C-alpha cells in the first residue's frame, strides 16, 4: 500500500528523472538485444552451428521476451512499474554476462532464454511507467523519444562489437552487460511509482476488486477490452515477426550476401540505426500532430515497401542510402506503438493488457529468426526479408482499419 508521503515524492520534475532512467533502461535493453546479432557468426563458428540452429538462438531470445513481457505486464499492475523495471534490469544484466561463460549451443540457448525474460518485461514496464507520467498533449513525442533509447542501445552495441569482437572475441562483449546493475540500484532509490498507479492501489471498491480478480479475466469479460487485446496481439505479432526477423539477420545479410567486412558492416548499421532514432523521434511529433493511427500505418507500410527494394535493387553505390531511408521508416511504428497501445486500455489492467497483447504477438514472432534461417539455408536471407515485408504490410493495415486512438488517458486512475 502506498502512503501520502510516498505520493508526495512526485514533484513537477519527477517525470524528467523517470524519463532519464527509462531512456537508459531501454538503451541497455536494446544494446543487450543486439549483442547476439553481432556475435552470431562468431558463435556459429565456435559451436559449429547450422544456419537453422543459429536462427533458433534468436527464437529463444524472442520466446523468453514474450513470456517475460506477459508476466512483466501482470507484475507491473500488481507490484509497481518502477519495481519491475529494476528487477528486469538486474535479471538480464547478470544472466547476459553469464553467456560469456557458456560452452555449447544448449547452454547458450537456455541462459539466453532466461536472460530474455528480463528484456521482455523491461520494455512493457518502461513504457507503462512513462505513459502514466507524461501529459496526453506531449505523450507521443516523449514516448517516441523514449523509444529512441532502444536504438541508441543498438548503436552502442554496434560500436562495442566493432571494437571488441575482432581483437578480443565475442565473449568479452557479453561480459560488458553487467554494468547496468548499478543503474538499477540507483533507479530503485530515485524514481517513485507514478501517481495514477499509486491511486489505483489506494482506491477502495472497484480498484481493490481489480487487484483481487484475474486481470486477464477482466480483459476478456469486457467486449471492448477483449477486442482491443485481440487486435493488438495480431498487430504486435506481425510487427515483431518483421522487426526481429530483420533485426536478427541484417548484419549477417550485409556480411554474407553483400560481401561487407565486419567493421564496414558495423559502420553501415550505425547509419541505419541513426536514421532509426530520427524516425522514432519524428514519429512522436507526427503522431501528436497527425494522429497515432496515420503515423503508425505510414511507417509500417513504408517499411514493407522498402524491404524488397533493399533486396532487389541494392548496389555498392546506393546501399547506404537505401539503408538510411529504411532505418527511418523502420523506426516509425515503434515510435508510436507505446502511446497507441497504452491509450487503448484502462489503468487497472493496462500493464497486463499491453504486456499480454504485445507478447502474445511476440510468441508468434519468435519463429521469425528461425524462419529466415530456414529460407537462407535453401535460398537467401534476402528471400526471408521479402516475407518480413509482407508481415509489415499487414501490421500497418490492421490498426489503420480497426484500432481507434486516444481511447483512455493513462494519467487517470
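Just so it is clear, glycine is given a Cβ too, placed from its N, Cα and C backbone atoms.
These features come from Swiss-Prot:
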TOPO_DOM  1-16  topological domain 'Cytoplasmic'
TRANSMEM  17-37  transmembrane segment
TOPO_DOM  38-53  topological domain 'Periplasmic'
TRANSMEM  54-74  transmembrane segment
TOPO_DOM  75-85  topological domain 'Cytoplasmic'
TRANSMEM  86-106  transmembrane segment
TOPO_DOM  107-112  topological domain 'Periplasmic'
TRANSMEM  113-133  transmembrane segment
TOPO_DOM  134-145  topological domain 'Cytoplasmic'
TRANSMEM  146-166  transmembrane segment
TOPO_DOM  167-171  topological domain 'Periplasmic'
TRANSMEM  172-192  transmembrane segment
TOPO_DOM  193-228  topological domain 'Cytoplasmic'
TRANSMEM  229-249  transmembrane segment
TOPO_DOM  250-266  topological domain 'Periplasmic'
TRANSMEM  267-287  transmembrane segment
TOPO_DOM  288-293  topological domain 'Cytoplasmic'
TRANSMEM  294-314  transmembrane segment
TOPO_DOM  315-318  topological domain 'Periplasmic'
TRANSMEM  319-339  transmembrane segment
TOPO_DOM  340-352  topological domain 'Cytoplasmic'
TRANSMEM  353-376  transmembrane segment
TOPO_DOM  377-382  topological domain 'Periplasmic'
TRANSMEM  383-403  transmembrane segment
TOPO_DOM  404-413  topological domain 'Cytoplasmic'
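A contact between the transmembrane segment (113-133) and the transmembrane segment (294-314) is absent, since fewer than 3 of their C-beta pairs, 6 or more residues apart, lie under 8 Å. A contact links the transmembrane segment (229-249) to the transmembrane segment (54-74), because at least 3 Cβ pairs that are 6 or more residues apart lie under 8 A. Between the transmembrane segment (267-287) and the transmembrane segment (146-166) there are at least 3 Cβ pairs closer than 8 Å, counting only pairs 6 or more residues apart in sequence, which means the two stretches are in contact. According to DSSP, the secondary structure content of the topological domain 'Periplasmic' (377-382) in residues is 4 helix, 0 strand, 2 coil. Among the recorded stretches 17-37, 86-106, 319-339, 383-403, the one sharing the largest number of Cβ pairs closer than 8 Å with the transmembrane segment (172-192) is 86-106. Counting residues 6+ beyond its ends, the transmembrane segment (17-37) has Cβ neighbours under 8 Å at 43, 57-58, 61, 82, 85, 88-89, 92-93, 96, 112, 115, 119, 122-123, 126, 129-130, 133-134, 142, 145-154, 156-158, 160-161, 173-174, 177, 179-180, 183, 186-187, 190-191, 194, 247-252 in the same chain.
Among the listed stretches 54-74, 86-106, 146-166, 353-376, 383-403, the one sharing the most Cβ pairs under 8 Å with the transmembrane segment (319-339) is 146-166. Between the transmembrane segment (353-376) and the stretches 54-74, 86-106, 146-166, 383-403, the greatest number of Cβ pairs separated by less than 8 Å involves 54-74.
Within the same chain, residues 15, 19, 23, 127, 280-285, 287-288, 292, 335-336, 338-339, 342-343, 406, 409-411 sit at least 6 positions outside the topological domain 'Cytoplasmic' (134-145) and bring their C-beta atoms closer than 8 Å to a C-beta of that stretch.
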